[in-house]
Amino acid sequence: HQRNHEISRSKVHFRFTLSKLIRQLQEIMRRWQVILICWLLSVHPMHSAVVPISEEKNDSDNDSETPAGDNAENKTRVQEKDLSDVEHNPDDEHNPDYDHEAFLGKEEAKSFDELTPEESKMRLGKIVEKIDKDNDGLVTEDELKVWIKYVQNRYIQNDADKQWKELQSELADNKLVWEAYKKRTYGFLDDQDMNAEEDSESYNYKDMIKRDERRFERADKNGDGALDQEEFADFLHPEEAPHMRDIVVEETIEDIDKDKDGKISLAEYIGDMHPSKEGTEEPDWVESEREAFKEDHDKNKDGLLDFEEVKNWIMPDDYDHIMGEVTHLIDSADKDGDGKLTKEEILDKYDVFVGSQATDFGEALTRHDEF
């Protein structure tokens, strides 16, 4: 069951990452379009008469930077947040990269590649001192859990902070209204795009706008019609906010439910994970997913996943990933078996926590004072 769960989780994260990448590439193309137009106008000044016509559209293009790149598509299928993009036990073999990303964070898991074992131990030692909040020389379960949770939340908070800063010109009384966000994110669309046929690419933008607006409204916790910075973070990362989790389930069903009956069939479930192609052999894990659908996800055995069953599938509440990782790390390094870790015990097993020339350390050291 755990193996099937990790496969599903990896698939969900991959689709979200790919969606995000596509939107970022589209944003880069829009920026180059603006640069090209500016160059043409500088080379051919007689065309300056058309500037007022194009400026309005291109200004919106230029403004729609990270928000559009990170958010516009919103096809996130998020399971209960895992601690790493990589599987913990692929093919029943323990993967230390999972522990490294869980302990340091994904972005912090890159610069360790250049560190020697001595450098890794030295820098890890400084992190251990920060984890030990009461300075008693022992890292407890609670202290390690707080650290890992901090590491996992740091990316989300940094992402929200960065985008909020880029939206400063759109804010009124330090709040963001939907129309301002819509203009900044989708301002490059013209009337023809908005009136496109259902099977066109532009029609997808109409759907994305509707979904973004619904998510925006759901993130407006106090119902004042605008988002403050905390509510905006919930809008960007709804999987992290308890009051937003239903919207994640709704979006997941909408993405997978091809016949639009409000439920997910086995064919839709498998088709979303592994679109069938003629002449290609089906991987073994697909059959495992069929079994997971029937035995684990379809609780009432009606052959369909309803809202609650999808919610239980993508955001199960029966497993605490952080506590599971804390237990694993302590078990791996606790020589005396007292359930706590000394600095020496952690450094002796440094490769479990960070590795050398295999993980990133980077910001975990340079930004440890934040913690």
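Using N, Cα and C of the backbone, Cβ positions are placed for all residues, glycine too.
According to TrEMBL:
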type	residues	note
REGION	55-99	region 'Disordered'
COMPBIAS	72-99	compositional bias 'Basic and acidic residues'
DOMAIN	119-154	domain 'EF-hand'
DOMAIN	207-242	domain 'EF-hand'
DOMAIN	244-279	domain 'EF-hand'
DOMAIN	295-320	domain 'EF-hand'
DOMAIN	321-356	domain 'EF-hand'
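Across the domain 'EF-hand' (295-320), DSSP helix (H, G, I), strand (E, B) and coil residues number 11 helix, 2 strand, 13 coil. Contact between the domain 'EF-hand' (244-279) and the domain 'EF-hand' (295-320) holds: at least three of their C-beta pairs are under 8 Å, each pair 6 or more apart in sequence. Per-residue pLDDT, averaged across the domain 'EF-hand' (119-154), gives 90. Secondary structure by DSSP for the domain 'EF-hand' (244-279): 21 helix, 2 strand, 13 coil. Helix first, then strand, then coil: DSSP counts for the domain 'EF-hand' (207-242) stand at 25 helix, 2 strand, 9 coil.
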